[in-house]
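According to Swiss-Prot, the features are:
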- R97, K101, H103, E123, D124, L125, I126, S127, T128, G129, G130, S131: 5-phospho-alpha-D-ribose 1-diphosphate binding site (BINDING)
- S127: orotate binding site (BINDING)
Amino acid sequence: MTKVAKKIAKDLLDIEAVFLNPNEPFTWASGIKSPIYCDNRITMSYPAVRKEIAEGLAAKIKETFPEVEVIAGTATAGIPHAAWVADILGLPMVYIRSKAKDHGKGNQIEGRISEGQKMVVIEDLISTGGSVLEAAEAAEREGATVLGVAAIFTYELPKGTANFADKQMTLLTLTNYSTLIDAALEANYIEEKDVTLLQEWKKDPENWGK
């Protein structure tokens, strides 16, 4: 666990982009009961936090994919972070819709990419990875070479890990669920007795709490 990972996890807790509540779980749209709720869009409203995130993502991308030529953001949550990262790296930026428009030119990708252009796709949050992997596939259909995905946070769900492995897609994240639990405990957002319950959710979210 790096200092940056723990600092960003703490920041997400402090600005209430992330809530942990193992005793009164949230219900996701999928029906899964979860002790965590994450809305990283809130980071846009905190200049110091969003700057730290953008600089962290830019540094990871530059280190892992020095050959990157274009930054893509997923619509809508990945767009602002992609714009800030592209600005730091001095690179072109595009964004990828979840599906093609049903009017005009029917674009799924907004902005310009060229055949073989090396791309990193930015997402704010990774659960199963389904939507961002579909975005990466859409970019490749348009001619891009997707080097990998970069995100602020991952729940570290087994299904997500398996999906990225299945697509042979590299995933970079600034922080993760395990680090968040450690940071929350240190900052007294949770108690020691909550830790096991929180850790159990990550292993089997579909059956947790049943």
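Cβ coordinates come from backbone N, Cα and C, glycine included.
Bear in mind that the values here come from a model prediction, so they are computed numbers and not experimental data.
Shown here: features listed in Swiss-Prot, placed on the structure.
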{"residue": "R97", "record": "5-phospho-alpha-D-ribose 1-diphosphate binding site", "contacts (Cβ under 8 Å, 6+ apart)": "A75, N107, Q108, I109, E110"}
{"residue": "D124", "record": "5-phospho-alpha-D-ribose 1-diphosphate binding site", "contacts (Cβ under 8 Å, 6+ apart)": "N40, R41, T43, T74, A77, G78, H81, A151, I152, F153"}
{"residue": "I126", "record": "5-phospho-alpha-D-ribose 1-diphosphate binding site", "contacts (Cβ under 8 Å, 6+ apart)": "V132, V149, A151, F153, T154, Y155, G160, L171, T173"}
{"residue": "S127", "record": "orotate binding site", "contacts (Cβ under 8 Å, 6+ apart)": "Y155, L157, G160"}
{"residue": "T128", "record": "5-phospho-alpha-D-ribose 1-diphosphate binding site", "contacts (Cβ under 8 Å, 6+ apart)": "L157, K159, G160, N163"}
{"residue": "G130", "record": "5-phospho-alpha-D-ribose 1-diphosphate binding site", "contacts (Cβ under 8 Å, 6+ apart)": "N163"}
DSSP-derived class (H/G/I helix, E/B strand, else coil) of G130 (5-phospho-alpha-D-ribose 1-diphosphate binding site): helix
